[in-house]
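Enquirer: What TrEMBL shows for this protein is this:
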type	residues	note
DOMAIN	B:58-103	domain 'NADH-Ubiquinone oxidoreductase (complex I) chain 5 N-terminal'
DOMAIN	B:119-393	domain 'NADH:quinone oxidoreductase/Mrp antiporter transmembrane'
DOMAIN	B:607-670	domain 'MrpA C-terminal/MbhD'
DOMAIN	B:687-784	domain 'MrpA C-terminal/MbhE'
DOMAIN	B:810-930	domain 'Na+/H+ antiporter MnhB subunit-related protein'
REGION	B:778-798	region 'Disordered'
TRANSMEM	B:69-90	transmembrane segment
TRANSMEM	B:235-257	transmembrane segment
TRANSMEM	B:263-284	transmembrane segment
TRANSMEM	B:291-309	transmembrane segment
TRANSMEM	B:315-339	transmembrane segment
TRANSMEM	B:403-423	transmembrane segment
TRANSMEM	B:498-517	transmembrane segment
TRANSMEM	B:596-614	transmembrane segment
TRANSMEM	B:647-669	transmembrane segment
TRANSMEM	B:690-711	transmembrane segment
TRANSMEM	B:835-855	transmembrane segment
TRANSMEM	B:876-895	transmembrane segment
């Protein structure tokens, strides 16, 4: 499982980095989306992988090792919401830039 | 800190409130003066007042206010002359100027200056020093519509602030030597400082600071330029306060820094050079204020020279002359202001014979100028006698010591010359050709001058009674028990100093008689005029700016791609370095057994990601679908790996993100086939792509290796254990992730939802001014076809086709609306114990809203449903912050939560926690923010395009 997830994170990162280095705004947005999936999964993976051990405790909490680490999960939960906000902001900025400059190049002009 | 508060109060007044501003400023200064006057008896008893507030305890820096004799003297000078200047300025400033701003700056400056002289701590002293530079910049540049005011203000700021930086470095060095920044400790360790190897750099840095502030040669050039300031500012800053700050620092640190050869040579020679150069240049000034400015420079030179001599008696003389100079120079500046006001010019060549129009002002100015020239029975005479006595005294047999009497006497001749010139040119001679009749200034404008001149006379005639005790107090504060015996009598018998004084007076007067006519013809002082301080300053500034610009064009770029590339590569490098050093190894933790399903899932995920990256350029719609597919894969991963909360949130957020991206697609340009036809892609582009691909693969490979290395190591004991153990017991929640968010770390969450609100408002306001590109203003092709078809049909309205298509989905979605809302509330309520919570519920709720928009169209959805996302957001923030504050009302820290299980009939045991209220706030805010973002973008499609000519006024903002 670990190996698969690690490879998955790697592939997502590669695709994301490739896209944010592209010249078109839309590519950059998608690249950031992919990159944030990768980072979220990575942060989550810091808490190690456990199957069937959600951090939902009973009336008496068992040993911590019975549950998946809740802390990275809390971090990732907020990260997901924030990355949505970031995507929205970026999208609007890029649309405005497209409206003002007439191109969707990241630098506002098409000259390569 | 009274003046600072006063400054704030005045700053709030409207620009027209001239009297009120003056009143507040005057009252503040008066109150300060009275306060400081009341403290005199305490200090006379030999005590030092100290008040200490912890500021940066970890660095040993406290906010210390220390009042001893010296600081008392300077503080009263600042406050009393400040009060007089306020009165004067009230009548001087024209009603067209924004007067409250002036008084606000003036009070701010006064506060900074007070802070400076009352500092009981070296770092604090440097801080207030910079504050005076800043506020004096504002004051000098007060008439900011005036080009020369702007440049002079900037010059003064650069010179004095750079000097302040040197001073800061210097005091840091001193603090390093002493081991404490506290003035008390520093003053007690003079010997240690003088013998330390760092003494030299510290001394030079402190002196550069003091010299630049006190306009000593060669930093003197900013002061004459600063005459562009309103005259009250000159009277205040350039006689009594700002320029005396450097003197103050030198006197303050005199006990610890003075007494060495280095001090003697640097300070004395600078003082003499400044004295002679300033006095020489003053003779040739044609501008009234310019003359006073150069004479100020030369008098500051006198004080510096006295401090440099390093004998206790000279130090007393320095303090005394500081005081005297403040009195006569402030009154002269004010008189110059009146002359300027009445005659309309400050040019000495055009002024003459004003005495017959303004006898009172003329008399006052004459007395003050006589004090400046050092005529007996006036205060200037006394300190000048002391200066001459000190200059004549043999301290060491160096050439400097030998030359001193001659140089000083020469400068005194000059100073008599310019004083006579000032008076004679202005007040005597034929009637001026001014075109109007000048007359006496208003009574209250003269009062400050009268007070100051009276002080000059009193000190000059009865020195022992009036100034003796105060001077003694200040001198004692500096010199301690080694305060020498000195006499303040007017008559010391026939002595060498007296003889020199008389010679200077006579020679100066004779010089004026001989050269008066020729002086008017000269526009720049000979010899000294060649030292163009200003030109050097400008050149230095130019090279600095040009150099910075060159460096920026060489190393910087404003293109995004290279910046991102550098960013990624630096991150890569930072990631690789530790592995190069420690090597790469895997941990010992046994991995979880691979489920084939998981493997297949990630094969799909990888393919989707790569395909998305591949297609993002030409097939945007496909790319959006592919990328959200990746989102789904990561969502399933979270379910698989025991993170139900994450999966839920990811699923919901993925939905709104996709809707968002689809809404944005409409405004992007059509992607034409590649700029370069296939197979003719330039080599540079291929190289760039190959390089980016390499970077991307390296980054991905690195992430994979790092995450695999982490995941194969056992989990150390983290704070998570605390969360798991206390979640139910202390916070009453079973869902630990949710409890962390709304209880343990609620403050973080509060910050986070605030960020969300800010983003939403930013998006909204950016879109209000949104201008789509010309080609996408018309509706998309499909919509235009549908509309054309609708218009062609007889019984059809535009938009009918679309609503026909969507009839079935619309009915279903409308029926689903309440269901989704109930689901959202369910998620919210159960969040504390089971997967769910405010974030998930909020996004669900906003999906419900957005679905209505999608199914029915923006217009018809809004005709039936008025969403006010801003209210939702405000309510959410209030609920979250209010829950936190409520805890404080009950005496608990901010955001402490409270919970209890209630037994309700029928429903059973229900957890009631204030955390739920907080989560409600999160929920409301997330609904509002998500809705405002999506709706604002959706609205762009139904906006009437802005036509500049026809409708110059922007359409009213949409009701959202």
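Just so you know, glycine gets a Cβ as well, placed from its N, Cα and C.
Note that TrEMBL annotation is computational and uncurated.
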Enquirer: Mind pulling out the one from B:58-103, B:119-393, B:607-670 with the most Cβ pairs under 8 angstroms to the domain 'Na+/H+ antiporter MnhB subunit-related protein' (B:810-930)?
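Expert: Between the stretches B:58-103, B:119-393, B:607-670, B:607-670 has the largest tally.
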Enquirer: In the same chain, which residue numbers or ranges, 6 or more beyond the ends of the transmembrane segment (B:403-423), come under 8 angstroms Cβ to Cβ?
Expert: 268, 272, 275-276, 279-280, 282-283, 285, 288, 291-292, 294-295, 298, 301-302, 305, 332, 348, 365-366, 369-370, 372-374, 384, 387-388, 391-392, 500-501, 503-505, 507-509, 511-512, 515-516, 519
Enquirer: Which value does the mean pLDDT take for the domain 'Na+/H+ antiporter MnhB subunit-related protein' (B:810-930) in this predicted structure?
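Expert: Averaged over the domain 'Na+/H+ antiporter MnhB subunit-related protein' (B:810-930), per-residue pLDDT gives 80.
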Enquirer: Short question: most Cβ pairs under 8 Å with the transmembrane segment (B:315-339), which of B:69-90, B:498-517, B:596-614?
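Expert: Between the candidates B:69-90, B:498-517, B:596-614, the best contact partner of the transmembrane segment (B:315-339) is B:69-90.
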Enquirer: With DSSP as the yardstick, break the region 'Disordered' (B:778-798) down into helix, strand and coil residue counts.
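Expert: Looking at the region 'Disordered' (B:778-798) with DSSP, the answer is 12 helix, 0 strand, 9 coil.
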Enquirer: When you scan the chain for residues with a C-beta under 8 Å from the transmembrane segment (B:69-90), skipping those not six or more beyond its ends, what do you find?
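Expert: For the transmembrane segment (B:69-90), the nonlocal Cβ contacts are 3, 18-19, 22, 25-26, 29-30, 32-33, 36-37, 39-40, 43, 102-103, 106, 110, 113-114, 117-118, 230, 232, 235-236, 239-241, 244, 248, 251-252, 319, 323, 326, 330, 334, 337, 444-445, 447-449, 451-452, 470-471, 473-478.
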Enquirer: Other than its close neighbours in sequence, what residues sit by the transmembrane segment (B:498-517), given a CB gap under 8 Å and a spacing of at least six beyond its ends?
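Expert: The answer is 373-376, 381, 384-385, 388, 392, 405, 409, 412-417, 419-421, 424-425, 492.
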Enquirer: Restricting to the same chain and to residues at least six past its boundaries, which positions have a Cβ under 8 Å from a Cβ of the transmembrane segment (B:690-711)?
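Expert: Distant Cβ neighbours of the transmembrane segment (B:690-711) are 565, 568-569, 571-572, 575-576, 584-587, 589, 591.
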Enquirer: Can you count helix, strand and coil residues in the domain 'Na+/H+ antiporter MnhB subunit-related protein' (B:810-930) using DSSP?
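Expert: Its residues fall into 85 helix, 12 strand, 24 coil.
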